[in-house]
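Contents: one structure, followed by commentary.
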Amino acid sequence: MGLDFIPHGITAKITVLNLAHNRIKHIQSQDLQQAVNLRALLLQSNKISSIDEDSFWSLGKLERLDLSNNSLAHLSPVWFGHLFSLQHLHLQGNSYRDLGQSSPFSSLKNLSSLHLGNLQFSVIRQGNFDGIELLHQLWIDGSNLSQYEQGSLKSIKQINHMILNLRNSNIFSEIVRDLLHSVTWLEVRRITFSNAAEMQVLRVMSSSFVKKISFRQTLLTDATVPEIVSILEDMPKLVELELVDCRLLGTGQWKMEIQAKKSQTLRILTIKKLSIEEFYLFTDLQSVEGLLSLLTRVTVQNTKVFLVPCRISQHLQSLVYLDLSANLLGDLSLEHSACQGGWPSLQTLNLSQNSLSDLERTSKSLSHLGNLIVLDISQNNFGEIPDVCDWPKSLKYLNLSGTQIPKVTTCIPQTLEVLDVSGNNLKEFGLQLPLLKELYLTRNQLKTLPGAAPIPNLVSLSVRRNKLNSFSKEEFESFRRMKLLDASDNNFICSCEFLSFLHHEAGISQVLVGWPDKYVCDSPLAVRGAQVGAVHLSLMECHRSLVVSLICILVFLVILLLVAVGYKYHMVWYLRMTWAWLQAKRKPKRAPPKDVCYDAFVSYSENDSDWVENTMVRELEQACPPFRLCLHKRDFVPGKWIVDNIIDSIEKSRKTLFVLSEHFVQSEWCKYELDFSHFRLFDENNDAAILVLLEPIQSKAIPKRFCKLRKIMNTKTYLEWPLEE
């Protein structure tokens with residue numbers, strides 16, 4: 001948010017405060033004074049260069065503090081003096097050159113992980129780690145570390161995972177000497193082993209009790225590999241070796257012969273993204289054959305392996321797990337790699353993302369592996385699938401996802417308990433697999449479920465992202481004995497009866513269908529991850545046709561009700577009146593004086609015309625001086641809309657004379673004339689309306705829609721025509 005300071009108002013209610021990636025430069029004493037319940041404070045990637053000594057004193061419950069990637073030029077022990085609960089402290093990426101003369105961490109008794117270092121970090125002194133006895137993880141970024149005082153790390157009794165980012169092999173050797181018996185997993189980053197002479201400095205590692213060692217982004221050469229292997233052989237407790245994102249300059253023609261005394265403890269070898277620039281010239285590794293017989297797990301991923309020499313495979317006598325994914329193995333090279341006598345104990349083989357193209361040939365190459373249980377050959381481009389294949393008799397798990405096979409045939413082994421054929425555009429699945437328990441058919445083109453009879457022991461089925469839209473009664477049997485059905489991301493038109501069957505008859509305990517989260521249907525089911533019976537499907541999803549019919553009937557009844565109400569309360573009249581009012585409002589409020597040509601517009605009912613025409617009009621128009629009246633019979637323009645005639649006549653008259661009677665209040669046109677006159681009366685704030693009661697009118701006899709007439713009679717003086725003329 002571009003903040004330059006810690007915001008005010010941080011109270012005891014806050015437990016996690018993330019202010020990372022701002023522009024904060026200074027932490028003041030009062031900034032966090034009230035945050036007594038804070039558990040995590042994330043301040044990484046700011047510009048913090050100074051911290052008041054008592055800034056963190058109130059944070060006794062703080063467990064995680066991240067000050068990485070800031071501009072701290074020094075570390076003060078006072079900052080951390082009251083952080084008794086702190087477990088994770090990240091300080092890497094600042095500008096301090098050392099940790100001070102004493103330990104900044106002496107009060108952090110619960111510290112579990114500590115990240116230190118930066119490009120300027122150059123000195124580690126004795127006493128810098130006093131007070132720390134046990135760490136789960138210690139990460140020292142010392143790419144420019146030039147001075148290490150012997151014994152500085154010796155005070156730490158146990159470190160589960162030690163990460164060292166160093167370039168200086170001498171410093172590395174001195175640190176390892178202090179950690180011979182305290183580190184369980186040592187991870188070395190960015191170090192360069194370029195010549196054999198440098199390796200002599202690292203001979204101290206052979207006495208280390210490390211159980212796992214990892215090299216990341218490390219440079220190796222043909223000259224140094226034999227020395228490293230020799231050192232690793234001597235490590236008395238080493239179980240696992242890992243190389244990740246490393247670089248090897250050479251072709252495996254190691255000049256120094258490796259002593260074949262074998263490591264009696266090394267069991268796991270992992271190599272990921274090893275860059276060998278001249279991999280096509282790499283030798284057959286005959287010199288390391290003797291080191292391989294005790295390995296039980298080998299992973300070589302994304303390393304451009306195109307062949308495993310037969311002799312290497314035959315020496316892997318104890319291997320039970322082999323991962324060769326994301327390499328360049330083809331059909332012919334697999335035949336040579338999995339030669340007779342090779343991988344005799346292998347149980348799990350991962351050949352995904354290679355260059356295999358012939359499924360029949362692949363199965364035949366592996367058929368002699370008598371102990372193979374799990375085989376992953378996904379993400380290869382087989383394209384076609386034969387009718388008959390020769391698989392290992394013990395195979396129980398087969399992954400053929402994303403292999404471009406257009407259909408499934410009897411090539412699939414009958415011994416399988418788990419089969420994954422996702423992402424293959426399959427349109428049907430009709431195999432007979434009597435032992436199958438789990439079937440994954442995600443991202444295909446299925447419109448129907450696989451039959452139940454050929455897969456009697458199926459307990460888990462995934463048909464996500466297919467083209468299923470319903471289940472027939474026959475397909476219901478597919479769910480018998482099943483415990484999990486994932487049918488989400490399809491086009492289901494389902495019913496509550498179906499869901500009830502799933503729960504009560506088929507006995508499925510969990511169904512994943514991806515339906516909405518609001519349910520009103522009475523039959524139980526489950527959506528993504530929920531238990532059947534715990535939630536209900538919406539009524540719309542359950543009975544779509546019935547709901548649509550009910551909605552149509554309801555809309556018809558509402559319209560009918562509106563028509564009845566409108567008729568009873570003159571809604572049509574009000575609508576017409578509104579339109580006329582809008583027409584009137586668009587015209588000028590008063591006609592110009594030259595356009596006023598009547599003294600009064602007379603509004604009356606046709607039933608009162610005899611009195612109006614023969615008595616009132618005659619008297620007024622023959623008076624001295626005479627009044628000029630506007631009568632609709634005489635003065636309205638023929639062919640003009642009646643409403644326009646009324647509006648124009650009222651506007652061209654100085655007054656509007658209303659002759660009120662029982663007949664008047666029953667006339668719609670009289671109502672229009674009264675309303676238009678009322679608009680003018682209020683718009684101009686004058687007394688344009690004159691009322692003459694031709695006969696007494698009971699107030700309850702005036703319809704409710706004549707609200708303006710009631711108001712005028714209550715506020716204006718009106719005339720009453722006497723019973724005796």
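Backbone N, Cα and C atoms are what each Cβ position is placed from, and that goes for glycine too.
Where the annotation comes from TrEMBL, it is an automatic prediction and has not been curated.
Note that the structure is a prediction, hence the values are computed from the model and not measured.
Over in TrEMBL, the protein carries these features:
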type	residues	note
DISULFID	Cys310-Cys339	disulfide bond
DISULFID	Cys389-Cys411	disulfide bond
DOMAIN	596-725	domain 'TIR'
TRANSMEM	546-567	transmembrane segment
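All chains included, 18 other C-beta atoms sit within 10 angstroms of the C-beta of Cys411 (disulfide bond). Counted within 10 Å of its Cβ, the other Cβ atoms near Cys339 (disulfide bond) come to 17, all protein chains included. Mean predicted confidence for the domain 'TIR' (596-725): the pLDDT average there is 79.
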